[in-house]
Amino acid sequence: MGFLMTTIIFFVVGVVASVLVRLCCNRGPSTNLYVIASIPTLSWLLGVSWAFGKGLCSKFSIHSFLRMEIHGILYLIFWFHLTLIITATICSWMMWAIVYLAQLKPLIVPILSEGE
Amino acid sequence: MKLFEDLPPMDHLRSEDMSLVQIIIPVESAHRAVSYLGELGLLQLKDVRNPNPVDLIVFAFDSHRGSCSVFWLVTPATKMETKRFLLNEDKSPFQRTFVNQVKRCGEMSRKLRFFGDQISKAGITASPCPASQQVIDLEELEVRSSEHEAELLEMNANSEKLRQTYNELLEFKLVLLKAGGFLVAAQNHAVPPETELVENIYSKKDDESVFLLEQSVQPESSSKAGLRFISGIICKSKELTFERMLFRATRGNMFFNQAPAGEQVMDPVSGEMVEKTVFVVFFSGEQAKNKILKICQAFGASCYPVPEENSKQMQLTREVSLRLSDLEATLDAGNRHRNKALASIASQLWNWIIMVKKEKGVYDTLNMLNFDVTKKCLVGEGWCPTFAKPQIKEALEHATIHSNSQVGIIFHDMDSFESPPTYFRTNRFTHAFQEIVDAYGVARYQEANPAVYSVITFPFLFAVMFGDWGHGLCLLLGSLILILHEKKLGSQKLGSFMEMAFGGRYVVLLMALFSIYCGLIYNEFFSVPFHIFGTSAYKCRDSSCSDAHTTGLIKYRDPYPFGVDPRWRGSRSELPFLNSVKMKMSILLGVSQMNLGILLSYFDAKFHGSSLDIRYQFMPQMIFLNSLFGYLALLIVIKWCTGSQADLYHVMIYMFLEPTGDLGENQLFWGQKELQILLLLMAIVAVPWMLFPKPFILRKLHTERFQGRTYGILGTSEMDLDHDPDSARRQHHEDFNFSEVFVHQMIHSIEFVLGAVSNTASYLRLWALSLAHSELSTVFYEKLLLLAWGYDSVIIRIAGLAVFAFATAFILLMMETLSAFLHALRLHWVEFMGKFYHGDGYKFKPFSFKLLADEEN
């Protein structure tokens with residue numbers, strides 16, 4: 001459970017960072033579109049992650065949201081700053097996940113040395 | 001998938017759209033137009049001295065309406081004439097004008113460089129104050145710089161002459177002082193003539209006593225005995241050989257007296273201050289005199305006549321001293337005058353240099369253009385980004401208006417079969433990363449740019465090898481200092497090392513941030529672990545901790561939430577555990593990055609519409625890599641999640657050696673054997689899949705396309721197919737060399753298949769370097785800091801701290817940084833970019849005044 005929670009935390013942090021970056025450095029074309037698209041997307045993502053984290057199946061219809069928002073999300077994806085944020089999030093998550101999983105069911109345990 | 005096609009392209013992923021443009025500039029606005037284009041800096045002109053004009057523009061000037069209409073005219077007849085005419089560029093007086101201008105600019109920059117040399121020699125540093133900078137014309141600058149140069153040369157020659165005279169007089173004075181002493185002493189000793197003359201070395205004190213003595217003695221003139229002397233001055237280093245030479249030449253019939261000159265004199269030959277010796281040679285006979293004079297000349301000794309009488313000597317000395325002080329005053333005045341002139345130049349020099357460079361650049365560019373047969377305009381071709389076309393048009397319009405030209409400048413697109421240059425619009429953040437990628441190879445036009453991902457993955461892989469948040473904080477501090485002083489450091493001239501560090505400040509910033517993150521994951525702060533994220537997941541088996549040193553601790557709760565458990569540090573089983581984790585981590589990261597590389601090759605193939613590449617290159621490559629090493633990555637994750645004791649080496653090796661054999665205790669999941677057989681078959685099938693189909697299909701496509709061409713084309717006499725390489729109507733009839741294509745594909749496939757193994761293993765350097773860093777850090781901490789801290793003495797503690805700081809700074813922060821940087825770079829260049837990158841493009845180098853100014857810096 002801890003693995004899943006932390007994974008979701010990474011995901012949410014990535015999304016928040018990407019939104020912040022775009023709001024701060026809005027130099028690209030149709031920035032307004034991105035800002036507009038990001039707010040419902042963000043709320044949607046937060047909603048889903050909250051529901052998932054609680055172990056409940058999300059009851060509201062995400063399908064309709066999906067149709068509207070996926071286009072917005074994909075607009076988000078194809079922007080340079082976003083690529084950076086996503087890459088950074090994925091790299092950081094992988095690093096954490098590898099070290100976490102390696103310690104999940106370890107085959108050896110710490111054997112203290114004489115000095116301790 | 002239609003959703004993906006509607007989206008705007010990601011900036012930086014591919015080169016900007018470039019267009020080949022042709023500009024036709026009338027003569028009167030040529031200089032101004034090129035200057036404005038230089039200010040804009042968005043056009044790269046090609047050298048079109050010998051173009052093959054396809055289209056010919058004819059100006060039709062309508063005198064009634066005072067307007068000009070332009071129309072295209074393609075006439076093969078005139079084309080031939082034009083070509084012949086243009087090839088004879090020696091005959092054009094117009095062309096020669098620009099060559100002269102370039103020579104003028106060259107001459108002026110030579111003069112300005114001369115000023116710069118003189119200024120630095122005189123040690124003047126004048127910072128250019130903007131208020132005093134006047135805007136002057138090039139002609140005026142030419143005149144002024146020639147005046148200044150003549151003035152400076154004259155001043156230099158004069159001061160040189162004066163200095164020479166000064167040196168000579170100084171030597172004469174020294175000779176008078178010392179030789180006078182000898183002569184007096186010689187006269188004293190000559191009173192009993194039988195006494196042998198003894199060599200005396202005088203000090204200043206002796207000189208004074210000699211003067212006192214000589215007043216009481218009436219000296220006999222030694223010249224009455226036929227004894228004459230020559231006095232002079234020679235370099236101290238040559239003095240002994242000189243004496244020996246004189247002795248041999250005169251067969252011992254001479255008497256040599258010498259004394260050190262006492263002060264350093266400037267040697268006229270070398271220009272340095274050297275020690276000199278004053279000498280007096282007593283001899284008799286004319287022949288001896290000649291020999292001695294010749295030897296003096298050969299050794300570079302300067303001879304000065306010293307009068308024998310003391311009173312005359314004193315008088316002469318007084319006169320010489322007076323003259324010397326006069327000369328000194330003159331020299332000083334001259335130097336002051338020159339320095340004033342140089343200072344006035346120095347304040348303007350930078351401005352002038354830039355101006356001359358700009359003009360030279362403009363004339364060089366004008367030389368690259370060619371002129372139309374009417375001799376009224378210049379024609380040029382160049383590359384520019386498509387987005388810049390309106391800006392260029394605007395600049396050219398301004399040039400037309402400001403030069404009061406009747407005719408506008410023509411600016412239009414052209415077709416080209418040449419590959420355009422690659423242009424990425426970088427800002428100061430992405431510039432360094434783009435430079436790193438370009439160092440391997442400039443991207444082909446419209447090829448995927450790995451810099452987009454390298455911005456993150458490069459510092460990330462660096463951090464995996466460097467992981468220590470204490471060291472990361474030091475790097476962060478260094479990079480922040482560089483970034484906060486950006487403006488100041490950017491305008492200064494820095495040493496080569498500082499310049500590199502400053503250029504890569506954003507790279508170092510990201511490296512530092514990721515190092516802090518990885519340091520937190522590895523739980524190392526100068527190799528010390530912390531319990532930041534809660535308590536350890538391990539505890540003793542019982543309260544007495546009796547078997548903690550034999551069987552170890554046990555894991556009693558969920559794993560440590562973030563990073564490596566702090567209990568591992570210092571334990572005996574730390575290295576086996578960490579090595580296992582880091583090796584598996586390297587494989588996982590490596591497989592991910594290589595998959596990203598192959599995925600980028602898919603996006604490239606899709607962009608260029610090459611379904612052949614997708615079906616017969618991307619797919620077998622993906623299948624091969626993932627059925628072997630992707631499967632290994634999966635096994636690693638499953639082993640971790642299930643805690644199985646399976647030996648993955650054994651599994652992988654026996655997958656090849658004995659695919660049908662029983663896995664036994666190495667079984668990780670149900671159906672593993674069948675899956676392995678399937679994956680092995682897929683990998684085996686993928687190899688001929690990426691080797692054979694593509695060359696055959698290419699051959700088939702080629703024969704389909706050029707099927708009718710073997711019959712030959714019915715061409716008219718006007719269409720010069722063979723002699724128009726740039727013609728838009730060129731036929732691409734290249735021979736398809738099947739064996740070459742097949743060998744190329746074979747090399748590519750073998751490289752990929754063997755590379756899959758070697759590249760995956762290459763990623764193990766992530767483990768190796770991170771282990772080295774961690775161990776070095778531990779050694780410095782335990783053997784330097786802790787050891788020194790164990791003593792009570794403050795001095796030893798401070799000394800230990802100092803050595804620890806020194807070792808950390810130089811070995812860990814500098815050497816390890818460079819080492820990890822290099823290895824991360826190699827992983828990117830070879831393992832990542834080797835999967836999709838061609839890197840055989842060329843960079844867009846526009847004609848830009850800003851670039852010229854940067855070059856000068």
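The chain as shown is numbered from 1 upward.
The backbone N, Cα and C atoms fix where each Cβ goes, and this holds for glycine too.
Taken from TrEMBL as is:
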- B:136-165: coiled coil (COILED)
- B:460-484: transmembrane segment (TRANSMEM)
- B:504-522: transmembrane segment (TRANSMEM)
- B:585-603: transmembrane segment (TRANSMEM)
- B:623-640: transmembrane segment (TRANSMEM)
- B:675-692: transmembrane segment (TRANSMEM)
- B:794-815: transmembrane segment (TRANSMEM)
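Note on the coiled coil (B:136-165): residues 104, 108, 111-112, 114-115, 118, 266, 268, 327, 330-331, 334-335, 337-338, 341-342, 345, 352, 355-356, 359 of its chain, located 6 or more positions outside it, place their CB under 8 angstroms from a CB of the stretch. Ranking B:504-522, B:623-640, B:794-815 by CB pairs under 8 A with the transmembrane segment (B:460-484) puts B:504-522 at the top. Residues 468, 471, 474-475, 526, 773, 776-777, 780-781, 784-785, 787-788 of the same chain lie 6 or more positions beyond the ends of the transmembrane segment (B:794-815) yet place their CB under 8 Å from a CB of it. Counting residues 6+ beyond its ends, the transmembrane segment (B:623-640) has Cβ neighbours under 8 Å at 584, 587-588, 590-591, 594-595, 598, 646, 648, 651-652, 668-669, 675-676, 679-680, 682-683, 685-687, 689-690, 752-753, 756, 760 in the same chain. Taken as a whole, the coiled coil (B:136-165) shows an average pLDDT of 88 in this prediction.
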